[in-house]
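**Q** Here TrEMBL flags H68, H125, H259, H263 as Fe cation binding site. The transmembrane segment annotation in TrEMBL covers 29-48, 54-76, 88-109, 174-195, 202-219, 239-258, 294-312, 324-344.
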Amino acid sequence: MLADVANRASSETDTAVNARRRAAGASHVAGLVTIILGLVISVVADSIPLVYQYAPLAASVVVLGLPHGAVDHLVLPRSRGQSVTPRALALVGGCYLAIGGAYAALWFVAPAVSFALFILLTLVHWGQGDVYALCELTGVSYLETPARKGLALVVRGGLPMLVPLVAFPDQYGFVAGSLVSLFDPGAAAALEGAFRPAVRHAIGVGFGTLVVATLALGYRRTDDLEPWLLDASETLGLAAFFDVVPPILAIGLYFTGWHSVRHILRTLLVDDAAVAALANGDVRGAIGRFARDAAPLTAGALAVFAALAVAVPRTPATVPDVAALYLVGIAVLTLPHVVIVALLDLEQGLWTGQ
């Protein structure tokens, strides 16, 4: 599999190929650890107190989760081999201010709609991240068209967003209500239809069929069985993970240990200095460079959360309330982040070819 990744990157320097190999290994190890950790915790701790389930989400404020998007102002220039100019910084800042600001305003006007948009947005973004990992780190050969990449996006993004809805409707509804109630306690009623047994059954059957069909299509079209086996193992492992691990805990673990790690690795691979460090086995140096790059906008994101805490009609008073406020802040930052990642996809030709 790693040789396949190297072959597909034949136009790169040896340094870039070695860095990509190390990134691929780190990505898969982090994913495996995330799945095993969640499953073990769920088996060993029969009933996990709610406050402890929030721990990974709380840690994500400074560890991997929130910082993973805090280098958006750097990734596009670096992917083009250009210097980071004031104009580039202004464009990204304007994107966050305009798009993020509009979405923040929508939460105050229509919180139920905003929550539904958050779920859809997260499905697309997390699927978007895994399409990159499958194509560039795992080296699959069967996502050669935008349509097949789109199927993979829906499957990988749907696992964390749809499986918990089917398996844990009460907790899913609790989280939805906690976010929406910060703005309008009565608005959560608009979401109740999504938790009806018939709706969840239809989602379970439809999505399960899509997962099986997508894996089968990949098996038929793959040139090399090893990348497909890794894809299938990750897909089925995530399905089990989100079916068994309570959703608050599962999302916190996945956000930090799976999605954020993969995106951080992607940002390192467009940074020449980080690529050189990775290729030489200096993982600490590469991560340290990322941490320095991400620190200013991570601090800026915390200021956004503080502003939200002051602005929301209902002051957060409990751990679930504070977590809900954090998730609303993440939602506001995610929309412009998705735009930047989509531009990075275009810059790297992810959706136009292998």
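The backbone N, Cα and C atoms fix where each Cβ goes, and this holds for glycine too.
Automatic, uncurated: that is what TrEMBL annotation is.
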**Q** Go through 54-76, 174-195, 239-258 and flag the stretch with the largest number of C-beta pairs under 8 Å relative to the transmembrane segment (294-312).
**A** 54-76
**Q** Please list, in sequence order, the residues in the chain of H125 (Fe cation binding site) that are at least six apart in sequence and whose C-beta is under 8 Å away from its C-beta.
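**A** The answer is G157, T334, H337, V338, V341.
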**Q** Counting CB pairs under 8 Å, which listed stretch among 29-48, 54-76, 239-258 touches the transmembrane segment (324-344) the most?
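**A** Between the stretches 29-48, 54-76, 239-258, 54-76 has the largest tally.
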**Q** Taking only same-chain residues 6+ apart in sequence, whose CB is under 8 Å from that of H259 (Fe cation binding site), what do you get?
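**A** For H259 (Fe cation binding site), the qualifying residues are H68, W126, G129.
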**Q** Determine which recorded stretch among 88-109, 174-195, 202-219, 239-258 has the most C-beta pairs below 8 angstroms with the transmembrane segment (29-48).
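**A** Going through each listed stretch, the top one turns out to be 239-258.
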**Q** Grab the same-chain neighbours of the transmembrane segment (239-258) for me: Cβ-Cβ under 8 Å, and only residues 6 or more beyond its ends, written as numbers and ranges.
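**A** Here the qualifying positions are 30-31, 33-35, 37-39, 41-42, 48, 50, 52-60, 63-65, 159-160, 163-164, 166-168, 171-172, 175, 211, 323.
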**Q** State the residues, same chain only, that lie 6 or more residues beyond the ends of the transmembrane segment (54-76) and have a CB under 8 A from a CB inside it; answer 'none' if no residue qualifies.
**A** 84, 88-89, 92-93, 96, 248-249, 251-253, 255-257, 259-261, 263-264, 267, 270-271, 290-291, 293-298, 300-302, 319-320, 323, 326-327, 330, 333-334, 336-337, 340, 343-344, 347
**Q** Within 10 angstroms of the C-beta of H263 (Fe cation binding site), what count of other C-beta atoms is obtained when all protein chains are considered?
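**A** Summing over all protein chains shown, H263 (Fe cation binding site) has 24 other Cβ atoms within 10 Å.
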**Q** Where else in the chain does the transmembrane segment (88-109) make close Cβ contacts, counting only residues six or more beyond its ends and a cut-off under 8 Å?
**A** 72-73, 76-77, 82, 117, 183, 304, 308, 311, 313, 328, 331-333, 335-336, 339-340
**Q** Is it possible to get the count of other C-beta atoms within 10 angstroms of the C-beta of H68 (Fe cation binding site)?
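**A** Other Cβ atoms within 10 Å of H68 (Fe cation binding site): 26.
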